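Enquirer: What Swiss-Prot records for this protein is below:
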ACT_SITE  E133  active site, proton donor
BINDING   C12, C103, C200  [4Fe-4S] cluster binding site
BINDING   H43, H81, H131, S228, N230, S273  dimethylallyl diphosphate binding site
BINDING   H43, H81, H131, T172, S228, N230, S273  (2E)-4-hydroxy-3-methylbut-2-enyl diphosphate binding site
BINDING   H43, H81, H131, S228, N230, S273  isopentenyl diphosphate binding site
Amino acid sequence: MLVKKISPRGYCYGVVDAMKLAQQAALNDNLPRPIHILGMIVHNAHVTREFERMGVLTVDGPDRLEALETIKEGTVIFTAHGISPAVYARAAEKKLTVVDATCPDVTRTHDLIRSVVADDYEVIYVGKHGHPEPEGAVGVAPEHVHLIEKVEDIEALPAHLADKKIIVTNQTTMSQWDVQALMEHVRKKYPHVEVHNEICNATQVRQEAVAEQAGDCDLVIVVGDPRSNNSNRLAQVSFDIAATPAHRIGDLTELDLSWLDGVNQVGVTSGASTPTPITKKVIDFLQQYDPADISTHDKTPFLELRRILPKVKIL
């Protein structure tokens, strides 16, 4: 089968840095034990399992503050998605050692929020309800940051915003087209709003790659965890912008061969938190796949994964 390897794809620098920090923590005998990650270090179940194999456990809950209460001692790693000041403060109260793996792009958004709120602004934040990145961003100034995900949320914003200085900003991993559309709706309601688009460069170029390269494919396969917002947005971009059907899979085991019926060329991309070896297995399988040759339909030889985490230096 013809396979188009959509590029760029896969790991971004924030994800790589977060995983390296977590590995270095696991290998550092000077850090207090046990070591926990507060939420998934990046949104990929394979990565979570690999850290569990190294003795680093992931704890999760309805929100980060509640999840933190399950950690009694030792070291806590904060994930790439960022964390609220309340969680930092509670970790200090519990006398936990902290390793902060927050992506620098997320930190920049937090710094922006702090700066404008100090100057008496209200912040409208475009993001996904229930995702840890908006949770952390809203937590920077909960009384002044207003999370919106759809047009209806704009209509429900507090009336007093009309008389306030306002900025609109966003979660770094959203669809850039969705963010632009919502920001336009915000601008219509609040013509005086200041726009600060914080889509990270890695998200933007991966979405643009799908928009530009998927059009001549019959199907696009996005390799990424179901909890990975940026992976889900890549599938959405294929549908909405390139007009090419797309399926997101966590790994090769989730590939339904019936999707390949009548497909001549398939495009493959992957989310920013998807380990490269997992995507490579999908590409390798598809490249040898022949609908007419049943011997090429067996996924088993392509399922073995060895090292999936980036190499690190021991500190």
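Using the three backbone atoms N, Cα and C, a Cβ is placed for every residue, glycine included.
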Enquirer: Work out the three-state DSSP category of N230 (dimethylallyl diphosphate binding site).
Expert: helix
Enquirer: Using all protein chains in view, find how many other C-beta atoms are within 10 Å of the C-beta of T172 ((2E)-4-hydroxy-3-methylbut-2-enyl diphosphate binding site).
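Expert: There are 30 of them.
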Enquirer: Applying a 10 Å Cβ distance cut-off over all chains shown, what neighbour count does H43 (dimethylallyl diphosphate binding site) have?
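Expert: For H43 (dimethylallyl diphosphate binding site), the count of other Cβ atoms within 10 Å is 28.
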Enquirer: Any idea of the Cα spread of the dimethylallyl diphosphate site, H43, H81, H131, S228, N230, S273, as a max distance in Å?
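Expert: This binding site's residues have a maximal Cα-Cα distance of 15 Å.
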Enquirer: What are the other residues, in sequence order, whose C-beta lies within 8 angstroms of the center of the C-beta atoms of H43, H81, H131, S228, N230, S273 at the dimethylallyl diphosphate site?
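Expert: Other same-chain residues with Cβ inside the cutoff are M40, V42, A80, E133, T173, D225, R227, N229, S231, G271, A272.
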Enquirer: Using the Cβ center of C12, C103, C200 as the [4Fe-4S] cluster site position, which other residues in that chain lie within 8 Å, going by their Cβ?
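Expert: Other same-chain residues with Cβ inside the cutoff are Y13, G14, V15, A80, P104, D105, V106, T172, T173, N201, A202, T203, A272.
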Enquirer: Please list residues from the chain of C12 ([4Fe-4S] cluster binding site) whose Cβ is under 8 angstroms from its Cβ, counting only those at least six apart in sequence.
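Expert: Long-range Cβ contacts: C200, A202, T203, A272.
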Enquirer: I'd like to know which of the binding-site residues H81, H131 has the most other Cβ atoms within 10 Å of its Cβ.
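Expert: Sorting the candidates by Cβ neighbours within 10 Å, the top entry is H81.
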Enquirer: Quick one: which of these binding-site residues, H43, S228, N230, S273, have their CA within 10 A of E133 (active site, proton donor)?
Expert: none
Enquirer: In the structure shown, which of the recorded positions E133, S273 has the fewest other Cβ atoms within 10 Å?
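Expert: Comparing Cβ neighbour counts within 10 Å for the recorded positions E133, S273 gives E133.
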